[in-house]
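Trainee: Got a structure here, written out as structure tokens. Questions coming.
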Amino acid sequence: MALSVETESHIYRALRTASGAAAHLVALGFTIFVAVLARPGSSLFSWHPVLMSLAFSFLMTEALLMFSPESSLLRSLSRKVRARCHWVLQLLALLCALLGLGLVILHKEQLGKAHLATRHGQAGLLAVLWAGLQCSGGVGLLYPKLLPRWPLAKLKLYHATSGLVGYLLGSTSLLLGMCSLWFTANVTGGAWYLAVLCPILTSLVIMNQVSNAYLYRKRIQP
């Protein structure tokens with residue numbers, strides 16, 4: 001028996017609500033897990049994984065979920081208010097990422113090790129630089145009068161697409177970090193696989209949200 005369009009819509013909305021709630025919990029849980037594992041303050045390096053997971057797992061995920069019609073924690077507020085909260089969270093994520101990057105550079109300097117010698121380090125640097133550009137681009141959406149020649153709809157589309165790329169870069173950096181000697185020495189077996197699933201799950205949720213809000217809608221328009 002075929003489901004009606006209305007029933008399918010309700011099911012789809014319920015699935016998106018459930019996946020959004022899962023993304024909130026996973027982003028927070030993964031960050032707490034890394035913090036417990038790293039024990040921030042025990043060494044200079046210990047702050048690096050904590051700050052990077054806080055930036056790319058928790059803050060950036062929450063910033064993007066801010067616009068989810070089903071799972072935004074502030075969906076009762078106006079889009080203008082949510083946009084400003086989004087920008088604040090993105091800025092905090094950038095600051096945490098910059099601090100985390102700076103501390104690991106200092107740590108390697110103290111040990112006399114080469115900088116950006118691994119795929120993880122290179123992906124992390126690219127993700128931080130992209131986040132900086134993304135935050136700068138967000139100013140144009142907060143104050144569209146600064147870019148009068150650009151249609152606001154196109155600015156939103158470009159910003160959303162670029163933001164998705166930046167988020168995936170951050171998630172890639174986290175995934176590569178979980179292949180590092182430090183992480184694999186402390187997390188093994190099933191726990192490692194569960195940890196790897198965390199940024200993959202949140203990335204899928206964010207990809208679905210952005211695709212439905214901007215990319216898919218733009219494709220079906222004549």
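Keep in mind that glycine also has a Cβ here, set from the backbone N, Cα and C atoms.
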Trainee: State, for PHE45 and SER78, whether Swiss-Prot gives them the same topological domain name and hence the same side of the membrane.
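Mentor: Taking the topological domain names from Swiss-Prot at face value, PHE45 sits across the membrane from SER78.
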Trainee: In terms of Cβ proximity under 8 Å, which residues at least six beyond the ends of the transmembrane segment (187-207) contact it?
Mentor: 19-20, 22-23, 26-27, 29-30, 33, 37, 56-57, 61, 64-65, 164, 167-168, 171, 174-175, 178
Trainee: Can you tell which of HIS86, HIS159 has the least company, meaning the fewest other C-beta atoms within 10 angstroms of its C-beta, among these binding-site residues?
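Mentor: Each of the binding-site residues HIS86, HIS159 was scored; lowest Cβ tally within 10 Å is HIS159.
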Trainee: Which residues of the chain, 6 or more past the ends of the transmembrane segment (18-38), have a CB below 8 A from one of its CBs?
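Mentor: For the transmembrane segment (18-38), the list is 46-50, 53-54, 57-58, 61-62, 65, 68, 70-73, 186-187, 195, 198-199, 201-202, 204-206, 208-209.
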Trainee: Rounded to the nearest Å, what's the C-alpha distance separating HIS159 (heme b 2 binding site) and HIS48 (heme b 1 binding site)? Just drop the number here, would you?
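Mentor: HIS159 (heme b 2 binding site) and HIS48 (heme b 1 binding site) have their Cα atoms 28 Å apart.
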